[in-house]
Amino acid sequence: MLDIKRLQKDPDAIRQALAHRHSPLNVDDFLTLDDERRRLIQETDALKAERNTASAEIGKRKRSGEPAEALMARMGEVNARIKELDVLLAEADAKVEAWMLACPNAPHASTPVGASEADNPVVHVWGEKPAYDFAPKEHWELGATLGGLDFERAAKISGARFAVSWGWAARLERALAAFMLDVHTQENGYTEVATPVIVTAKTLYGTGQLPKFAEDLFKLEGTDQHLIPTAEVPVTNLHADETLPEESLPRAYCAHTPCFRSEAGSAGKDTRGLIRLHQFNKVELVRLCRPEDSYAELETLRRHAESILQKLGLHYRVIELCTGDIGFSSAKTYDLEVWLPGQNAYREISSCSNCEDFQARRAGIRCKSKADKKSRLVHTLNGSGLAVGRTLVAVLENGQRADGSVVIPEALVPYMGGLRVITPA
């Protein structure tokens with residue numbers, strides 16, 4: 001959530017930010033709602049002040065035997081009006097809050113201005129595309145030939161956009177997750193945390209998934225609880241409504257969880273394979289820091305996500321999302337896109353974002369140093385480190401050989417019990 005004072009003091013800056021995002025929200029609508037809310041507050045405060053003065057005067061007149069009936073009648077009118085105003089003010093507050101909750105974060109000044117993903121600049125490339133003397137296959141073909149990926153049985157038990165892994169594929173996914181967690185906890189300084197995968201609506205409001213993205217979530221019928229779309233949600237909210245010692249920052253957490261997404265609006269996209277599923281596993285990285293440190297922290301977060309791809313020897317590029325493509329809660333985002341030779345395309349495998357104080361304001365996450373009297377909002381950052389299923393896809397497609405076998409990256413061999421090559425069943 002943006003700072004309401006920022007909207008009140010500099011509405012033109014927010015107008016420009018929303019225009020750059022191609023958001024349909026109208027700042028003038030907010031100003032109209034806020035003006036009415038403030039008018040109601042002023043009228044309420046004035047009547048309450050009048051009531052306080054009149055109460056003292058009524059008491060004084062009663063003690064001296066002077067008539068107070070007219071003043072008491074006036075107070076009856078005042079009290080009735082205050083009750084009316086309380087209702088109107090609650091409605092006005094709700095309208096202002098609804099507008100604020102629907103408003104996306106303002107992009108950072110360094111975020112490139114653009115209309116869509118076509119305007120996202122490439123800012124870094126690592127490694128080179130592998131060369132083959134045969135036509136590389138897509139991962140679902142390899143998975144079928146090698147006998148590890150089963151989409152038909154997944155559809156039988158769960159419906160479309162699910163997968164079953166057998167044998168080597170199940171072990172490879174487990175190996176990837178363990179490898180990622182080991183790198184992040186042992187080399188990159190993260191604390192591993194295991195969280196519930198069911199969260200309350202309040203928790204989803206805290207990180208910005210609600211109210212805007214309700215249709216993308218799986219809701220538990222008859223409750224306000226949902227399955228998590230990403231571990232960013234529970235991990236960031238671990239410190240909701242808390243004030244952290246500033247000396248303890250930055251905080252760095254990683255979590256391996258299943259993630260659940262309805263993929264509303266994705267009809268016809270990536271209908272085959274592991275790229276876009278209703279349920280998938282991901283290792284998530286979350287960092288909490290002082291506001292002045294957050295852009296250095298973003299570079300650190302990006303470097304940590306990249307380290308996994310580099311250790312696996314996977315060619316990738318980094319793109320910087322433009323204002324028209326950046327996520328709702330983010331002020332600045334880098335996407336890591338891994339090369340998939342079977343698809344002959346780069347595909348997103350991690351998204352690293354600085355949300356500044358946008359999520360912290362919604363979730364109530366603050367920090368305070370020993371020297372300061374006042375607390376302040378932290379900045380929150382998150383990124384995939386990495387999406388496990390998509391990393392498995394990259395390992396299969398990049399490691400394939402002409403005979404249909406797949407070479408395991410050297411970094412994963414210890415996690416695969418020494419297995420170096422997956423061969424057809």
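A Cβ is built for glycine as well, from the same backbone N, Cα and C atoms used for every other residue.
Note that the coordinates shown come from a computational prediction; the quantities given were computed from them, not determined experimentally.
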If I go by TrEMBL, which of Glu215, Glu246, Glu247, Glu284 binds L-serine at the same site as Thr230, Ala231, Glu232, Arg261, Asn382, Ser384? Glu284
Give, as a single whole number between 0 and 100, the mean pLDDT over the domain 'Aminoacyl-transfer RNA synthetases class-II family profile' (171-409). 97
For Glu232 (L-serine binding site), name the DSSP secondary structure in the helix/strand/coil scheme. helix
Span of Arg261, Ser262, Glu263, Glu348, Ile349, Ser350, Ser351 as binders of ATP, largest Cα separation rounded to whole Å, comes out at 19
What's the most sparsely packed of the binding-site residues Glu232, Glu348, counting other C-beta atoms within 10 A? Glu348
